[in-house]
Amino acid sequence: MAKQTLGSLLSSGFDLAGKRVLVRADFNVPLDAQGNITDDTRIRAALPTVQALTQAGAKVILTSHLGRPVKKDKETGAVKVAREGNSLAPVATRLSQLLGQPVAFAPDCIGPEAEAVVNRLENGQVALLENVRFYPEEEDNDPEFARKLASLADLFVNDAFGSAHRAHASTAGVTAYLQPAVAGYLVERELQFLSGAIEDPRRPLAAIIGGSKVSTKIGVIERLLEKVDKLLLGGGMIFTFYQAQGIQTGKSLVETDKLDLARSLMEKAKERGVELLLPVDVVVADRFDKDAQAQTVSIHAIPEDWMGLDIGPESVKAFQSALQGCQTVVWNGPMGVFEFDRFALGTEAIARTLADLTQAGATTIIGGGDSVAAVEKVGLADKMTHISTGGGASLELLEGKVLPGIAALTEA
């Protein structure tokens, strides 16, 4: 299901000069209490697409969401929109600094105010529309709202991978009115790595899956068992697998309704000849707290009133040994409670191992979410082959799901 991309459009000689191009970006950035952007990674990620369009002489109209401004009253169904703290105005300022050119900010995303800003654009200039989620119709994928948004432009570029798993007006709905609808450079790169790594990898292929709950990773584990040579599990989910084998887990997090599932996943790994590795030792704590008492124990010796919060040093060694020689490694989810420094050692060790593998020529893909934060925390983000910008979108793509924002694009 190959899709048209901005790269293929430009290389085919398509003339973008003077064309109004609606670009759906993901500018859902964190802001502090004063409205300052605390992390501009997502803005920087959109730069290659924006710069390619300005250089081609297009009139660039950027759109995005920020936060969750729409609040629905459960009792009455009444809708309130919280504009305070959710405006994209700070993004326009930062984008202008990064691009080295003015970015016109429209105080609305549809209607006369948006039209006035777009109409003033010259070739190679950039405008940013206000938060599309100020309209509840955005998340409802309302056709009339999508039509109004689309009426501002001549063609559509989706570069918001982080929102590609949502069928919203600005990610999917506008494609009914704007053709061609193509993938931007960021989306193209995400698809290339996250789909390519699973469908056509250099082998051996290993996946490392962490995180606190099996329930959130069922789909991805099931699919990976059909594709990988090795599967390494860490994070809070491991205790459900231990209890499924009759191992006592103390007060560790266990999803008792997923014990049968854990057994069936272990069985499936065996049937498929996948090497499934679980930690052999864990760092346990007497309570869930950064200052808790901690000790490292074998998985067969977890004290009754203690809880596991990280993988232990022997597990790190076993994981490092299993990863040696792997040509492709996909990682999603931390090995422990990495927000607490003393329970972050397992996650940090795996991050360093992947950085070394990258240096040795392996393809390493950090599949979104908390594992990205963990890699950034140890300053190794630039040492990986690819860091995904998606959370839920990365996970759904790894699960093999069709993402609505991608499905809606023009076929190649």
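FYI, residue positions are counted from 1 along the chain as it appears here.
Note: Cβ is positioned from N, Cα and C throughout, glycine not excepted.
For Asp26, Phe27, Asn28, Arg42, His65, Leu66, Gly67, Arg68, Arg133, Arg166, the entry in Swiss-Prot reads substrate binding site, with the evidence type sequence analysis. For Arg133 (substrate binding site), the same-chain residues that are 6 or more apart in sequence and have a Cβ closer than 8 Å to its Cβ are His65, Leu66, Gly67, Arg68, Pro69, Val70, Asn86, Glu139.
Packing around Gly308 (ATP binding site) is summarised by its Cβ count: 28 other Cβ atoms lie within 10 angstroms of its Cβ, all protein chains included. The ATP binding site feature in Swiss-Prot is assigned to Lys217, Gly308, Glu339, Gly368, Gly369, Asp370, Ser371.
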In whole Å, note down how far the CA of Asp26 (substrate binding site) lies from the CA of Asp370 (ATP binding site).
18
Enter the number of other CB atoms within 10 angstroms of the CB of Asp26 (substrate binding site).
25
Per-residue Cβ crowding (10 Å cut-off), top of binding-site residues Asn28, Ser371:
Ser371
Tell me the coarse DSSP state (helix, strand, coil) of Gly308 (ATP binding site).
strand
Of the binding-site residues Lys217, Gly308, Gly369, Ser371, which one sits closest to Asn28 (substrate binding site) when you measure Cα to Cα?
Gly369
Mind checking which of Gly67, Gly369 has the fewest other CB atoms within 10 A of its CB? They're the binding-site residues.
Gly67
